[in-house]
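*Asks:* Below is the structure I would like to discuss, written out as structure tokens.
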Amino acid sequence: MHRFPKSLSNTRFVPTQFTLSLRQLNARSSSRCHPKSDNDDNIHRREDNQGAPLHLYKSKGQHILTNPRVLDSIVRKSHIKPTDTVLEIGPGTGNLTLRLLQAARKVVAVEIDKRMVEILHKRVAEKGFEDQLTVICKDALKTEFPQFDLVVANIPYGISSPLVAKLVYGDKPFRSATLLLQKEFARRLLANPGDSEFNRLAVNVKLVADVEFVMDVSKRDFVPCPKVDSSVIIIRPKAEIPDVNLDEWLAFTRTCFCKKNKTLGATFKGKRKVLELLRLSRTTCSTESANNDDNYDCSNNAAADDDEEVDSDEVDCYSSSCSETQMSVFKDKIIGVLKSGGFEAKRPSKLCNKELLHLLALFNQAGIYFYDQSKPRIRDADSIELAAAFSS
């Protein structure tokens, strides 16, 4: 099942109810959706003899993928082995699940809607695959995934950022993740330096994984039709990731991409930014030896909104304890680092990960840090706060 966000429209959604029979939810070539208008607040489809109808609500982002050619392509492009355990998130009524069960040894499906779980169990039992399926009726963001070989799923768009973060920064190794996502979100994952879509999301994902485009999927391949198209991508974790403290990296990219088209010189010359880094660097220098480890953690700085700085009261309080001379010296150090690497006039939106890693290393070598060592680290890869490090 694929869900799309309320935020796609500035208007408030009125719950739109689609009454569909189980037969109508099954994947079939004629299952195309042609809505009469964008404001059809109450569409009912004819029931048949397949039991009670299923109510789908646009306001809850419930959209079922029904095009069999798309479903078959997703399974084929995933390169599933007969020995694989596949993790599926948001299986809905099971159109994709049934195909995965034919290709894999086992499927673990995570679905929060109990109604969908009941339908899923019924359809799988009718096909004789019940011994191969494990269903976890929980929130995918809050449950611990069992071991799996790869992910194949139609990701609910509303949880795309935290779910991608959970997968690529989690502790469960996997071969690949074939994901059906909202097209705009997929484009941001695929973006390269210089592209208009290139941002912190792409930078943080590409640090640990490679992203490949597979195909676009029309909104007409869903019932009911969403207002946007989708894309299929494949994420493959890198065998080797850069030797960088991820707390530092996530906080550093937050600073750089707060204004991604602003020059780094302009970003780092501001008084508030100088004070913030001076405080963080002094805190880090005093606690570095006690906290020097290689855990892949996420700092509170990384969880902050892109357009926010650290707490204003903290910065203002620290400002009163710093002399103008101290600030001037530290500012000169920051600018000196930027100039030494030729970064002062460059913009984050045009820098690749290799260049960003080099700049972070130059800052750290000069005793300038971005992660607040005085605050507790977020050690839960499932935490919703991690999503902010993958926001646009």
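Cβ coordinates come from backbone N, Cα and C, glycine included.
Pulled the feature table from TrEMBL, pasting it below:
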- H63, L65, G90, E111, D139, N154: S-adenosyl-L-methionine binding site (BINDING)
- 35-47: compositional bias 'Basic and acidic residues' (COMPBIAS)
- 70-239: domain 'Ribosomal RNA adenine methylase transferase N-terminal' (DOMAIN)
- 27-47: region 'Disordered' (REGION)
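Help me picture these features in the structure, burial and contacts included.
*Replies:* When pLDDT values are averaged over the domain 'Ribosomal RNA adenine methylase transferase N-terminal' (70-239), the model yields 95.
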*Asks:* So how many other Cβ atoms are close to E111 (S-adenosyl-L-methionine binding site), meaning within 10 Å of its Cβ?
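*Replies:* Excluding its own Cβ, the number within 10 Å is 25.
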*Asks:* Looking at the binding-site residues H63, G90, D139, which one has the fewest other Cβ atoms within 10 Å of its own Cβ?
*Replies:* D139
*Asks:* Within 10 angstroms of the C-beta of L65 (S-adenosyl-L-methionine binding site), what count of other C-beta atoms is obtained when all protein chains are considered?
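*Replies:* There are 23 such Cβ atoms around L65 (S-adenosyl-L-methionine binding site).
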*Asks:* Across the listed S-adenosyl-L-methionine-binding residues, H63, L65, G90, E111, D139, N154, what is the farthest Cα to Cα distance, given in whole Å?
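*Replies:* It comes out at 20 Å between the most distant Cα atoms.
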